[in-house]
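**Q** Pasting in a structure now, in structure tokens, and then I'll have a few things to ask.
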Amino acid sequence: MFVHEALGPRASGGVNRYCPPHHVVMFGSLALPRVVICTWNSAPVGRGTTICKLPWVGPVHHTDNGRISEDITMSRLGREPLATVDCGALWTSSDLVAMRFDDVVQEVNPFGPFQKRVCCLLCLLAIPGTIHIMATVFIMAVPHHRCAVPGLDNDTWESQGPEHDQVVSQVIPTDLTSNTWSRCLVRRYSHPDFPHLSNDTVECSRWVYSKETFEATLTSELNIVCTDTPFVAMANSVLMGGFLCGSLVLGTVADFIGRKKIVVICLVGQIGVTLATSFVYNFVVFVICRFFTTFFVIGSYLAAFVAGLELVGPQYRTVSGIAMGMFWTIGLFFTLLLAYFFRNWCHLQLAASCMNILCIPIMWFIPESPRWLVSRGRRQEASVIVRHAALVNKVVVSENVLSLQDLQNDGPQLNVCQLFAYPRLMLRCLIIFFNWGVISGVYYGLGLNVGSLSGDLHLNFLFAAMAELLADVFCLVLLGRTGRRLLHCVTMLLAGTACLAIIFPVLYGNQDTMWTATVLSMVGRFGISAAFSIIYVFTAELLPTSVRNSGMGVSSLNARFGGIASPYITSLVFYVGGNFGKALPSLIFGGLSILAGLASLWLPETYLQDLPETVEDANNFGRKTGRTTTEQGSLKV
């Protein structure tokens, strides 16, 4: 920012001591009428310059001869033209309220070409992670199967002719519930040619599987069926356990070594582990590999999400956050595409690994988060990135802003547990953690069990992906207009109501009406997917910079408790039995969703508020003295 020459006489020591009133300050091409900046000979405003103490209508910071005044930062002078003032008492710029990083972002363009490019590249990293997680639906799918005919080595699921059908009907009993061949029982026999069959049945040890949908899945190759079915729930729980540990460990480490380094480490880790998984034929080793897969997936996702959020202005955080969610959804369509063409689980796993390899070149075009660099005291490195952003965005910014020397100190680095020292923050954290756990449990409860719905698996997966895409668009359009809190509550109530409604077709319907349960499941998927997108943005905006990534990690950790419990909740159908057992998971998911949605109403609204940078900012967040960020341009999100 520059001012006209010869504003007034120069006092000894090279510092102006008074200024004549009613002058015009040039801010770029914008003339700010009668705002007086007391400098000399067109010098840029920065450290050591003098600025007027201006009358101001707002929170009282100073009084001088009965006149109300407020500290005004450079960014606010650029955004908020003031009324006519006379130059009163003076102070130097070191006395002013220092700039915050959000002010710097506003100066270099809050969502310019630089931010758009980096955010898009960060979002691309979400696609391989989605594939690795949701491909579980196909990798561990249980094809149609029955007991193999004892002694018939060439037995197949498909009919081989009338004689084969007759042998099968003699040896394999019919399951009266599903009106198909028994999946787990075979009639007793005393001779390979079955001359003395009895009506007594025993558990079989061999199975034949349908090849209509899958060439091979992990469950069909390792025979994880019948009495071994609970191992599927265990494998999915271990999958969520990787999320839990990754959120706790990598989310915290990212606050110490940086967002970009964690992304690189996790990308390399995903490539190594997923390639190894493709050649595993042992269940225990497979589960261990899947654990480390999700361990690295959540680490890269959280770091990329936070890096994108920290790079843009407050009014564009919705766009950044929802964009990451939309790319997760795009990953669902890639998952479906790969699963459609690769019907062997090994080939599908190998194809998913190749998606990670394609992401390697992205690392050369992603900078470290400058906000994180500032929080670690590495302002020179952050300044290089800010200068590059201003250059790419074609914005002329003063040296004072580019050097980052007048930024407010964010204070000492905190452990996320220190947030619990503040009762207000403790309550908010507990509500946030509870919501994360419920959302994750319901999301994966509906998502990983899409194969249990009536109809074609690939088609149901497509419908679920479309429901998530609609949820992302819904959030992108409405999140900025209604705020975070209300929309989050509504989506949680929608998901909970849909889950509770599934009870009725399960308890009182028949096979012809089970399509209604599928439709309600998709409605629930829509609601819970929208809530998942919102809670990511909501949480990041409530946490201070010094613990934002670790706080997101702890939040995600709590989500994994819900994810770990989810497979066991859905497997209650095997332990309770009957129609009530089938309805019980929906009852639990629905009730918890409604409870979490109502609890979220106790959280403060974060729309268009500056990101809290210290724990004091976070503790005071939502009070009437909080700072509100004005919107730039005509875009409202």
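Numbers here mean position along the shown chain, with the first residue as 1.
Note that Cβ sites are derived from N, Cα and C of the backbone, with glycine treated the same way.
The transmembrane segment annotation in TrEMBL covers 118-142, 231-250, 262-285, 291-312, 319-342, 348-366, 425-446, 458-479, 486-508, 514-538, 559-577, 583-603. Per TrEMBL, domain 'Major facilitator superfamily (MFS) profile' is recorded for 121-608.
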**Q** Residue list, the transmembrane segment (118-142) vs rest of chain: Cβ under 8 Å, 6 or more residues beyond ends.
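**A** Long-range Cβ neighbours of the transmembrane segment (118-142): 213-214, 217-220, 224-225, 232, 235-236, 239, 263, 267, 270, 274, 290, 293-294, 297-298, 300-301, 304-305, 307-308, 311-312, 320, 323-324, 326-332, 334-335, 338-339, 345, 348-349, 352, 355-356, 359, 362, 365-367, 447-448, 450-451, 457, 461.
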**Q** Below 8 angstroms Cβ to Cβ, which residues of this chain, lying six or more residues outside the transmembrane segment (486-508), approach it?
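**A** Sequence-remote neighbours of the transmembrane segment (486-508) are 435, 438-439, 442, 446, 471, 475, 478-479, 514, 516-517, 520-521, 523-524, 526-528, 530-531, 534-535, 538, 579-580, 582-583, 586-587, 589-598, 600-601.
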**Q** By Cβ distance under 8 Å, which residues at least 6 away from the ends of the transmembrane segment (319-342) in the same chain are close to it?
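**A** Answer is 111, 115, 119-120, 122-124, 126-131, 134-135, 137-138, 301, 304-305, 308-309, 311-312, 348, 351-352, 355, 458, 461-462, 464-465, 468-469, 471-473, 475-476, 479, 529, 532-533, 536-537, 540, 637.
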**Q** With a Cβ cut-off under 8 Å, give me the same-chain residues at least six positions beyond the ends of the transmembrane segment (231-250) that come close to it.
**A** 133, 136, 140, 142, 219, 224, 262, 265-266, 283, 286-287, 290-299, 302-303, 440, 444, 448, 552-557, 559-561, 563-568, 570-571
**Q** By Cβ distance under 8 Å, which residues at least 6 away from the ends of the transmembrane segment (262-285) in the same chain are close to it?
**A** 122, 125, 128-129, 132, 218, 221-222, 224, 231, 235, 250, 253-254, 292-293, 295-297, 299-300, 303-304, 307, 346, 349-350, 352-353, 356-357, 359-360, 363, 366
**Q** Over the domain 'Major facilitator superfamily (MFS) profile' (121-608), what is the model's average pLDDT?
**A** 86
**Q** Residues sitting near the transmembrane segment (348-366): Cβ under 8 Å, six or more positions beyond its termini, same chain?
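**A** For the transmembrane segment (348-366), the far contacts come to 117-118, 121-122, 124-125, 127-128, 131-132, 135, 138-139, 260, 263-264, 267, 270-271, 274-275, 277-278, 307, 334-335, 338-339, 342.
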